[in-house]
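The following features are taken from TrEMBL:
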- 34-55: transmembrane segment (TRANSMEM)
- 228-248: transmembrane segment (TRANSMEM)
- 255-273: transmembrane segment (TRANSMEM)
- 311-332: transmembrane segment (TRANSMEM)
- 353-376: transmembrane segment (TRANSMEM)
- 448-475: transmembrane segment (TRANSMEM)
- 496-518: transmembrane segment (TRANSMEM)
- 596-618: transmembrane segment (TRANSMEM)
- 630-657: transmembrane segment (TRANSMEM)
Amino acid sequence: LLPHHIHHNVFTGDPRKFDPTFKGPIHNRGCTDILCCILFVLALLGYFAVGILAWSHGDPRKVIYPTDSSGQFCGQVGTPLQNKTLLFYFNILKCASPLTLLEFQCPTTQICVEECPNKFLTLVNRSSVRVVPGCMGVGFQNAPTILKEGLCPAMLFPSQKFSRRCLPNLGTKPGGVIVVGENSTTFTDDSGQTRNASDLLEATKKSNIAVEARQVAMRIFEDYTQSWHWILLGLFIAMVISLIFIVLLRYLAGIMVWVMMIMVILVIGYGIFHCYMQYAHLKGTPGGNVTLRDLGLQTDFSIYLQIQQTWLAFIIILSIVEVVIIILLIFLRKRILIAIALIKEASRAIGHVMSSLFYPLLTFALLALVIAYWAVTAVFLSTSNEQIYKVFNTTQCNYSMEVCNPKTFQNSSIIEVCPDAECRFAFYGGETSYHKYLILLQFYNLFLFFWCVNFVTALGQVTLAGAFASYYWAFKKPDDIPAFPICSSLGRALRYHTGSLAFGSLILAIVQIIRVILEYLDQKLKGAQNKCARFLLSCLKCCFWCLEKCIKFINRNAYIMVAIYGKNFCTSARDAFFLLMRNILRVAVLDKVTDFLLFLGKLLIVGIVGICSFFFFSGRIQKISNDINLNYYWVPILTIVIGSYLIAHGFFSVYAMCVDTLFLCFCEDMERNDGSVERPYYMSSELHEILLKKVLDSDETDCKRSKLRRNK
């Protein structure tokens, strides 16, 4: 066994020693983690190259408008297809492939038509050749030849127009038996196999996933065009409430925190009461007792609000949240008093660094830029697949199944060698290296998205940490605080520590991309019967989730040490970890309790704005709401709620970063100094009382209680 002092050094590191030259964040510092900085710059250049490559090959119009097998858009003005606005699939069964979702195309021949078929026909009947769309000009060839050469579809189904596409409209017999035509439960596909009508229905449902998603997206877009000005007003109100809340915390922190906790309980209680009233109202209405399982997935989400189970679920969730909050407030009341005092000190720091409240706006702008670039690049990559044509022939030919160009095929040498050869559509994809590695480019796009988002977040944390550390280590406050602490801290971070920020962000991005891969594998294995593999995968998902949370905690404190001392990422992470371990009792008392109080503040702001928007958009306010016609009234409500949370999170994250920075600086101050004239504390007398006396008293009380329990 190692001696006690060796254990102390191994698990907590050596405490800081007095340094008379240390006056806060180091100004004379050098560049850190240069290799990672170079790697990040090269990765960004590659990211821009992927974007340019995707924009040159992709066509986002494929997401909105249907295209035929020649790549022409149905209904495009100024083309021969101007009046042919609908898309017809030769073999709808092939649309059940996952490629329909990944490539926005169904892997079968498609043509543009003016009208959808209205009756069931097959090519067995000679007269049907003339009425099948796209079959004009096949001459008097027999049905097997037509099917073999893929000149016509094998059958026509009564179809209905849905989102500019012709999809089968199947009938049912008594008992729920699915039929095609008048009374047939089977049909013959283009390969000569007999298929059940239920197979056709299943293929139609799967092909509808992408189409219905597009339809819902278009309705949501229409709702945004109708309500965007009201959404902006709601977000502006959320920002005003957040600012008022922050200002009141500056002067009335103790009162505001208790008022906030009481209002959160009241708001959740009102939500439970409202949900119960809706539940009771639906108790006697027809269809109100339908279960969520029977209802299934619906594109009109307002239907879910018309059944009892939905409101019962809301009641249960809100009741659990209410009980948990009340229990935490009862058992953590003493630690809440300590956290309130710490929030008061953080309010003083923010009062001297008011520009820190506006820094989240820069973070929001950078995150919006990163998200927009990722989304646009992903759409262009998804629509990069092209129509591939190959040589088809009935006799022996060396060029069979080779790629060809239909525009130049008649003048090529292939016709001379193989007179009966034809250049016909084969599939959607590509033969180039770009198309072969398209899925890897999508993963690269996602990985760089995670890396850039984490980098922007890290930049904000380092900037705020440097500004608040300048406040703490100013001996005479506010005279010794730099003139523009946010600007100077941001300049130091970008000039010296881009590599350190990229290093920490890279570690977190790797864990996040692994989690995405695990989710992808989990979706693939959902239909598998191997329970052991499913169990191991679930364990891996849980472990990597915990790992991501741990890395975020370590990174956050490491960035604070980078802002203060200017060392590389690994050294800063080690120093921060050991410093926290040497003050583990204070961390346990303050860290999560303060986060809990700040989370209640976010919850209160979101609850106030969310309830007001619900009454407005659901038609409860008659004089104004009647002028708004929406497909889904939950679209603006959900947008305002999410936006309000992000706005509140942006302002309260400043408080959270300030509390964490002041706490680490306090721990450093306690180890460097002793409060004497030669080695005075940099902390204020209020902060000294908060983090030293009250925390120790709370710990001693807990120790006495546990000792008393053991004695009993």
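Here the Cβ of each residue, glycine as well, is placed from N, Cα and C on the backbone.
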- Using a Cβ distance cut-off of under 8 Å, indicate which of 34-55, 228-248, 353-376, 496-518, 630-657 has the most pairs with the transmembrane segment (448-475). 353-376
- Note on the structure: Tertiary contacts of the transmembrane segment (34-55), defined by C-beta under 8 angstroms and 6+ residue spacing from its ends, are 373, 376-377, 380-381, 384, 434, 441, 444-445, 448, 451-452, 455, 498-500, 502-503, 506, 569
- Item | Of 311-332, 353-376, 596-618, 630-657, whichever stretch has the most CB pairs under 8 A to the transmembrane segment (228-248) | 630-657
- Message: Can you see whether the transmembrane segment (630-657) and the transmembrane segment (353-376) are touching - at least 3 CB pairs under 8 angstroms, only pairs 6 or more apart in sequence?
- Response: yes
- Sequence-distant contacts of the transmembrane segment (353-376), meaning Cβ under 8 Å and at least 6 residues beyond its ends, amount to 51, 243, 246, 445-446, 448-449, 452-453, 456-457, 459-460, 463-464, 467-468, 470-471, 481, 484-487, 646, 650-651, 653-654, 658
- Note on the structure: Under 8 Å Cβ-Cβ from the transmembrane segment (311-332), and at least six residues away from its ends along the same chain, one finds 261, 264-265, 268-269, 271-272, 275-276, 278-279, 282, 305, 593, 596, 600
